[in-house]
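J.: According to Swiss-Prot, the protein has these features:
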type	residues	note
BINDING	10-15, 78-80, 113-119, HIS134	FMN binding site
BINDING	TYR12	NAD(+) binding site
BINDING	TRP98	substrate binding site
DOMAIN	4-190	domain 'Flavodoxin-like'
Amino acid sequence: MARVLVLYYSAYGHIETMAHAVAEGARSAGAEVAVKRVPELVPEDVAKASHFKLDQPAPVATVEELADYDAIIFGAGTRYGTVASQLRNFIDQTGGLWAKGKLVGKVGSAFTSSATQHGGQESTILGLIPTMMHHGMVVVGLPYAFQGQMGVEEVKGGSPYGASTITGGDGSRQPSAVELEAARFQGAHVARIAAKLAD
């Protein structure tokens, strides 16, 4: 049984929702799954004034525990075409793991969100891939076997690089049924590959 970590940062709850869908998919494929978040860097008064969702029950991860999993699925919103600094800050503390090769051969994957259709979803995930490769991870995306990313009948996130959701400029749009389905598919896909590699 593969051990999968869904590691995320979510300011307004969209990525939190996607993270739980990813975890659901991984569990459906037989994985043991932990959902954890990275620490918030924004001062609490600023976060409250900005209406951040601060009541997220997922525990905060430690850098060292990343080595305990067979797969890590990273999730964070897009900030100006790149990953939110909270997740980047956490990842940038993994030098000790890198030096010891602790993540070599583990599966890595990512999902994201943006305010608009062309708000940097692909560039955000692509920006995380070099980090995974420097760690020697096996990168897995969201293949076109997931047919939900085909077609143009509705506004939706998602690409071969990973699942994503579009939040709207005011954050009022929640992940759609097809976006959540994509997240579940990606979680299951990662879990199956991780299980094969762990054998």
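Just so you know, glycine gets a Cβ as well, placed from its N, Cα and C.
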J.: Given the model, what does the mean pLDDT over the domain 'Flavodoxin-like' (4-190) come out as?
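T.: It averages 97.
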J.: Would you count the other C-beta atoms found within 10 angstroms of the C-beta of TYR12 (NAD(+) binding site) for me?
T.: 17
J.: State the Cα to Cα distance, in Å, between SER113 (FMN binding site) and TRP98 (substrate binding site), rounded to an integer.
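T.: So the alpha carbons of SER113 (FMN binding site) and TRP98 (substrate binding site) sit roughly 27 Å from each other.
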J.: Using DSSP with the three-state reduction, classify SER10 (FMN binding site) as helix, strand or coil.
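T.: Where SER10 (FMN binding site) sits, the three-state DSSP reduction gives coil.
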J.: Reported as an integer number of Å, what is the Cα distance between TYR12 (NAD(+) binding site) and THR78 (FMN binding site)?
T.: 12
J.: Please give me the CB contact count at 10 A for GLY119 (FMN binding site), counting all chains in the structure.
T.: 22
J.: Suppose we draw a 10 Å sphere around the Cβ of THR78 (FMN binding site). How many other Cβ atoms does it contain, all chains included?
T.: 23
